Number of protein chains: 4
Amino acid sequence: MGIDLEELYKDLHAHPELSFQEVRTAGIVAGHLDGLGFQVHRNIGKTGVAGVLRNGEGPVVMLRADMDALPVKEATGLDYASTAMGVDHQGLEVPVMHACGHDVHVTCLIGAVEELVRTQQDWHGTLIAIFQPAEEFGGGADTMVKDGLYDRIPKPEVVLGQHVAPVPAGWFGLRSGVAMASADSLNITLHGRGGHGSRPETTVDPVLMAAAATIRLQGVVAREIAASDSAVVTVGQLHAGTKNNIIPETATLGLSIRSFSEPTREKVLAAVERIVRSEAAASGAAREPDFNYEERFPLTVNDDAAAQRVDAAFREKFGAGQVIDPGPVSGSEDVGMLATAAGAPLVFWFLGGIEPHYAKEFAESGRLPEDVPSNHSPYFAPVIQPTLTLGTEALVTAAREFLA
Amino acid sequence: MGIDLEELYKDLHAHPELSFQEVRTAGIVAGHLDGLGFQVHRNIGKTGVAGVLRNGEGPVVMLRADMDALPVKEATGLDYASTAMGVDHQGLEVPVMHACGHDVHVTCLIGAVEELVRTQQDWHGTLIAIFQPAEEFGGGADTMVKDGLYDRIPKPEVVLGQHVAPVPAGWFGLRSGVAMASADSLNITLHGRGGHGSRPETTVDPVLMAAAATIRLQGVVAREIAASDSAVVTVGQLHAGTKNNIIPETATLGLSIRSFSEPTREKVLAAVERIVRSEAAASGAAREPDFNYEERFPLTVNDDAAAQRVDAAFREKFGAGQVIDPGPVSGSEDVGMLATAAGAPLVFWFLGGIEPHYAKEFAESGRLPEDVPSNHSPYFAPVIQPTLTLGTEALVTAAREFLA
Amino acid sequence: MGIDLEELYKDLHAHPELSFQEVRTAGIVAGHLDGLGFQVHRNIGKTGVAGVLRNGEGPVVMLRADMDALPVKEATGLDYASTAMGVDHQGLEVPVMHACGHDVHVTCLIGAVEELVRTQQDWHGTLIAIFQPAEEFGGGADTMVKDGLYDRIPKPEVVLGQHVAPVPAGWFGLRSGVAMASADSLNITLHGRGGHGSRPETTVDPVLMAAAATIRLQGVVAREIAASDSAVVTVGQLHAGTKNNIIPETATLGLSIRSFSEPTREKVLAAVERIVRSEAAASGAAREPDFNYEERFPLTVNDDAAAQRVDAAFREKFGAGQVIDPGPVSGSEDVGMLATAAGAPLVFWFLGGIEPHYAKEFAESGRLPEDVPSNHSPYFAPVIQPTLTLGTEALVTAAREFLA
Amino acid sequence: MGIDLEELYKDLHAHPELSFQEVRTAGIVAGHLDGLGFQVHRNIGKTGVAGVLRNGEGPVVMLRADMDALPVKEATGLDYASTAMGVDHQGLEVPVMHACGHDVHVTCLIGAVEELVRTQQDWHGTLIAIFQPAEEFGGGADTMVKDGLYDRIPKPEVVLGQHVAPVPAGWFGLRSGVAMASADSLNITLHGRGGHGSRPETTVDPVLMAAAATIRLQGVVAREIAASDSAVVTVGQLHAGTKNNIIPETATLGLSIRSFSEPTREKVLAAVERIVRSEAAASGAAREPDFNYEERFPLTVNDDAAAQRVDAAFREKFGAGQVIDPGPVSGSEDVGMLATAAGAPLVFWFLGGIEPHYAKEFAESGRLPEDVPSNHSPYFAPVIQPTLTLGTEALVTAAREFLA
């Protein structure tokens with residue numbers, strides 16, 4: 001029987017959809033869940049899908065995948081590469097790509113529920129499959145919860161999920177406690193005074209202001225965070241101007257900020273605001289910058305006891321040497337919101353997705369070559385196998401650890 | 001009889017058109033020229049219009065106005081403010097505004113030809129009115145010449161034109177020799193390596209690279225140009241990134257560069273390239289930046305003898321104290337190409353367009369308050385009168401100086 | 001009997017000596033060792049002192065303190081504050097201060113050997129007290145070893161030492177494995193071209209070059225080191241120019257670089273060189289920068305088994321809650337060279353030296369207020385008690401753990 | 001008869017003296033003046049010398065030379081190069097060099113007074129020779145005036161002087177009106193918070209603060225001064241730190257600022273203070289920077305009528321083509337204070353001092369190759385002849401223009 005997971009994966013990869021626009025993807029997964037006998041809830045949190053399969057008495061276990069893609073122009077050269085365009089939340093037409101591997105997550109979760117249905121005589125309980133929108137942007141998990149997710153489906157007793165990572169296929173990364181950083185997304189508008197490009201003395205140049213702020217922000221991590229602590233301050237967007245010979249009125253900065261504790265987060269945000277305000281003052285800006293905080297990702301914290309159960313199950317299934325503690329990871333996730341809202345423990349792990357021939361180098365050095373593309377790169381291309389098979393088995397293994 | 005110049009001005013102001021898209025404006029001016037008895041040539045250099053009026057034997061005198069507007073969002077609050085949108089040369093939809101005052105130029109030239117027609121018994125010769133497209137962007141004068149302008153109309157014996165300027169209405173700025181800077185427009189693409197915003201160590205951050213280059217470019221004018229010389233290096237555009245948590249592959253800089261001699265121009269361009277290449281190297285970029293030179297404006301050089309004739313005529317007409325030497329101006333123009341291609345002398349002057357109540361302060365200090373908006377500002381709003389009347393009279397006066 | 005440790009401490013604090021100039025300090029400690037019955041070796045590694053006390057058969061245990069002070073102008077306002085001046089290795093006269101607390105180390109080691117002598121009927125073995133010069137600058141441990149330390153005294157079976165730290169007195173910091181960073185000290189000379197301050201266009205400004213390099217170096221830690229790794233790049237010195245209106249020929253940078261593994265160290269050093277070379281190129285320097293590596297501190301790595309013994313002994317002596325794992329510390333030490341050269345395990349710990357009234361805040365948050373001065377600050381002032389008593393007891397306790 | 005000017009020049013060059021320390025030089029010139037029959041006043045304004053020669057009724061004409069050298073380490077390789085050391089005003093021992101050519105000025109003035117004495121039957125009036133100290137630093141002219149110069153000697157009716165310049169020997173630069181910039185010397189102390197180099201998070205790094213300020217100051221000239229105006233902002237000194245692994249408490253900047261009008265001067269100074277304060281704020285400094293203004297040089301303004309007389313005399317003597325208008329020069333002088341205090345007109349000109357083989361290139365391009373060292377460079381080496389002869393003749397010619 002069965003769904004051809006490789007075909008499904010290539011199809012999803014070739015048809016990526018931006019956050020809260022995962023209509024085609026949601027339709028596909030809902031169709032599969034329906035075909036497998038799940039009770040299917042559509043359009044929870046705009047485009048989210050929840051499937052519930054009751055299989056006798058027993059624990060309620062949630063498996064979660066995220067569905068959305070990114071505004072990145074794919075450059076992998078794969079024959080199933082995306083050429084899709086989308087319209088982002090600002091109304092701009094942009095290229096779209098599964099540059100973060102959510103297509104892997106969706107495919108593996110479809111594979112896992114199919115396998116769990118196939119073997120449902122071996123376990124008891126309630127299986128929930130969540131296909132979440134907008135993990136990248138917009139707070140999809142939070143939106144599903146606020147849209148009444150737990151009014152429609154049972155609250156899980158454990159939430160399980162995974163993310164494909166730049167680690168050789170065959171390895172899994174799992175740890176107790178803080179697993180991923182908190183993330184804040186901050187948009188800043190710097191106000192200058194526009195004018196003709198030949199007469200800067202009549203203006204307050206916001207391009208220089210933005211450049212100076214960007215440069216100065218490097219000092220936050222370099223000088224204000226202890227070597228024993230960690231943070232990341234990325235200026236992912238800088239936009240100013242419409243014409244080379246016009247000095248514009250404003251410039252905008254888009255920051256992504258990571259930290260691993262609330263005091264450090266507050267320290268970093270305060271330093272960012274201090275620096276940006278000061279650079280506006282250095283330029284002689286008449287108006288203070290605007291700071292607009294967008295979505296925030298909480299710390300992703302794995303439950304100790306539950307994580308140790310999954311860890312033991314993975315070691316038995318895949319080999320003890322294949323499960324590593326990656327340390328706290330600087331990426332962020334909103335999967336934790338599904339667990340927190342249910343009062344349930346979370347276990348979230350990393351699934352290796354890089355060509356296995358890097359395994360030896362990785363095992364020896366703990367590193368991959370610098371030119372291996374990581375998530376969000378236009379060259380990010382997980383190897384299809386054994387990634388899909390192992391990702392499917394991991395979800396099944398973890399779910400079976402909790403299902404009676 | 002008569003065209004209501006103020007109504008014409010407000011109409012043009014409310015309906016600005018981007019470079020080479022001046023279809024509506026060209027239609028209006030061609031209609032007026034036609035009605036005044038001119039032989040009208042349309043669509044020279046895409047949207048350019050030339051009108052020829054033969055009025056017996058005598059000199060051939062060209063009056064020139066430029067028609068295009070800018071991708072600026074008007075913020076004047078005027079009741080005739082523009083709300084127009086346009087599509088720029090990159091295909092982006094942008095707001096459009098007559099932020100450089102070309103609507104003043106068009107209106108005054110219509111007024112001037114009307115007056116010269118009305119008084120045509122007083123002079124002899126051939127009057128040419130040129131309504132040029134794309135002064136701001138794309139080389140409209142050059143395009144008209146290359147499209148066979150002087151195959152269709154007689155070559156002028158003098159080329160006359162004006163630009164509204166942030167000087168109180170009532171004043172004119174005129175000088176012999178170098179009147180305006182040469183301008184180069186340079187687009188630079190900086191190549192980094194993209195990746196996830198939380199893992200900068202896997203990337204080469206092009207946002208930081210672009211910011212560092214922008215900061216470092218300030219040193220060209222500050223350190224490499226003598227106090228006795230002049231140049232302007234403006235980064236009018238800086239664009240990078242599509243999402244706060246993605247480090248992009250590339251960043252683009254758009255520069256406008258002004259200089260007043262060829263050796264200085266070459267020195268500045270070499271310094272800009274040296275700095276940008278070095279900042280890419282500082283970031284560890286694997287690929288050199290791309291440098292793409294767009295349109296170039298030549299030096300605008302007024303003919304000594306012809307300029308002195310206009311200067312004398314203006315002093316007599318408007319008062320000796322009302323004509324000042326503004327020194328070489330850092331703005332640029334392509335009007336000189338119309339003269340150079342005809343082998344004719346050029347006289348190009350500045351027309352005051354700011355509220356006359358600043359006159360006293362300006363007369364005493366030679367300056368205006370810093371908050372008076374200059375050309376290309378979204379707040380740029382020439383005072384309608386006496387600007388339109390004086391701009392019309394200036395064209396008539398200069399033309400009559402040369403017409404027999 | 002007994003030495004008044006508080007008096008000794010205040011005397012040492014008021015009479016600090018720069019690296020390899022610890023003549024007065026060495027004289028004092030040699031006198032005490034002599035008085036206590038030690039066999040005393042002077043002038044090992046210039047100003048170093050080694051004392052050996054043989055007390056029957058048994059293990060050879062080395063206790064080590066460092067003696068040198070820093071070129072810092074004391075600003076504590078203490079009544080025993082230093083007003084001393086010294087001549088640094090460049091021949092400049094500079095103020096000198098025990099801003100790193102080596103006076104605490106010396107005092108506690110004198111206290112410890114006195115106590116061990118007093119109780120020498122309770123243990124057997126050979127006790128070695130090392131008073132090392134030049135920990136701060138110049139490689140004092142390496143110099144002692146190369147000067148034949150282990151030809152003159154027995155090789156130890158364990159090396160023990162401590163450093164006073166900005167942690168409330170009463171706490172100890174101790175960990176197995178990597179305890180402190182490796183440190184590289186790098187001096188860079190940037191070559192510009194000098195000239196008159198009013199004519200920068202005739203020069204290559206090395207001040208701007210140095211400033212740009214310093215700014216750009218912040219990107220090494222901020223962008224090139226993973227959140228899961230650590231490094232510190234400090235520009236501790238920047239010197240350029242002799243007169244405001246002369247643009248100098250050169251500028252010098254003095255860097256201190258910390259890392260916790262050899263691959264990261266190599267990555268950081270390569271990035272530093274890449275950036276500095278590129279900034280010289282951005283300025284159009286005719287000559288490449290010079291890079292001169294000074295002393296290097298190795299990683300300080302505690303032996304697992306020996307560290308666990310000391311940890312257990314401390315928990316029993318001072319209370320389990322008083323011993324914390326501070327994680328790898330970004331400071332550096334050369335004490336490890338004494339152990340490595342002897343093939344002996346090392347145990348090196350941190351001794352709290354801040355007013356105990358911060359204890360509650362520290363216990364709850366793991367932090368101290370930002371205005372508590374840390375080592376190398378001109379305001380650094382360890383609280384005398386209980387610091388001296390606890391530092392003495394710690395050395396005695398650790399030594400007794402190994403002495404039979 | 002006669003003084004060997006070349007020998008005198010080489011001797012002065014080999015024995016340079018810092019500002020207000022020109023004891024040897026003053027002794028030499030006073031000896032010559034004495035021998036020539038002048039009434040000699042020594043020690044006016046510390047080390048200044050004034051010589052008065054009354055030669056019948058007639059105008060009082062002052063010739064002025066400055067005597068001091070610079071803290072620059074000579075690198076010319078000349079056989080009469082300086083190896084002198086001096087102690088600067090901060091008490092530091094520094095190398096000293098006549099890097100600004102004041103030795104040329106002194107020599108030519110000795111030659112001129114000798115010639116004027118030799119030919120004194122041809123003129124009538126009073127000749128004053130001023131050998132001024134401390135032109136570079138400390139306000140030597142002002143100090144002479146305040147020390148009662150004009151109580152001791154007659155007030156001149158014209159003040160004449162010259163400066164050797166990087167122009168081929170044979171040329172003179174002379175203009176009416178603004179001849180040289182005003183100059184302000186500004187010392188800034190930036191206050192951070194010191195600490196250990198490995199723990200920047202406990203500090204406020206003043207090195208980064210100073211570097212950021214230096215970088216940002218480039219924007220003053222690059223963005224805030226019109227292309228039609230001029231200013232120079234040079235950071236000639238930046239000093240911070242005593243040891244690579246200590247983050248210091250403070251950093252100091254030494255600025256030299258040039259401008260050509262009082263409004264521009266005020267604008268620049270305000271921008272400098274605004275930027276430096278803002279960069280301190282960006283670093284989170286607890287204390288505002290200190291701004292200490294040192295000596296100020298006024299604008300050097302030549303009297304129109306007197307300058308035209310000298311100009312005519314030079315054209316007749318040296319050839320019309322050899323006298324050029326260099327425009328306002330960005331260097332500064334305090335010679336004007338001698339004229340202002342006397343209420344007398346000033347004429348100050350530039351004397352070419354570069355090898356004459358550059359004459360053709362200079363005549364054609366108005367420039368010299370970039371590698372020709374300019375004043376204040378350690379390689380600055382005026383060609384001895386014809387510089388000394390022409391400089392002597394220029395002073396004689398100008399003086400004779402005014403002496404009856």
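Even glycines carry a Cβ here, placed using N, Cα and C.
Bear in mind that TrEMBL entries carry predicted annotations, made automatically and left uncurated.
Annotated features in TrEMBL:
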type    : residues                               : note
BINDING : B:Cys100, B:His102, B:Glu136, B:His163 : Mn(2+) binding site
DOMAIN  : B:185-281                              : domain 'Peptidase M20 dimerisation'
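Mapped onto this structure are the features recorded in TrEMBL.
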residue	record	Cβ within 10 Å
B:Cys100	Mn(2+) binding site	27
B:His102	Mn(2+) binding site	28
B:Glu136	Mn(2+) binding site	22
B:His163	Mn(2+) binding site	27
- Looking only at the domain 'Peptidase M20 dimerisation' (B:185-281), what are its DSSP counts of helix, strand and coil residues? 42 helix, 33 strand, 22 coil
- Go through the binding-site residues B:Cys100, B:His102, B:Glu136, B:His163 for me and flag any whose C-beta is under 8 angstroms from a C-beta on chain D. none
- Do you know the mean pLDDT across the domain 'Peptidase M20 dimerisation' (B:185-281)? 96
- Task: Show, in sequence order, which residues other than B:Cys100, B:His102, B:Glu136, B:His163 on the same chain lie with their Cβ within 8 Å of the centre of the Cβ atoms of the Mn(2+) site.
- Result: B:Asp66, B:Asp68, B:Leu70, B:His98, B:Gly101, B:His105, B:Glu135, B:Asn375
- Task: Going by DSSP, give the three-state secondary structure for B:His102 (Mn(2+) binding site).
- Result: helix
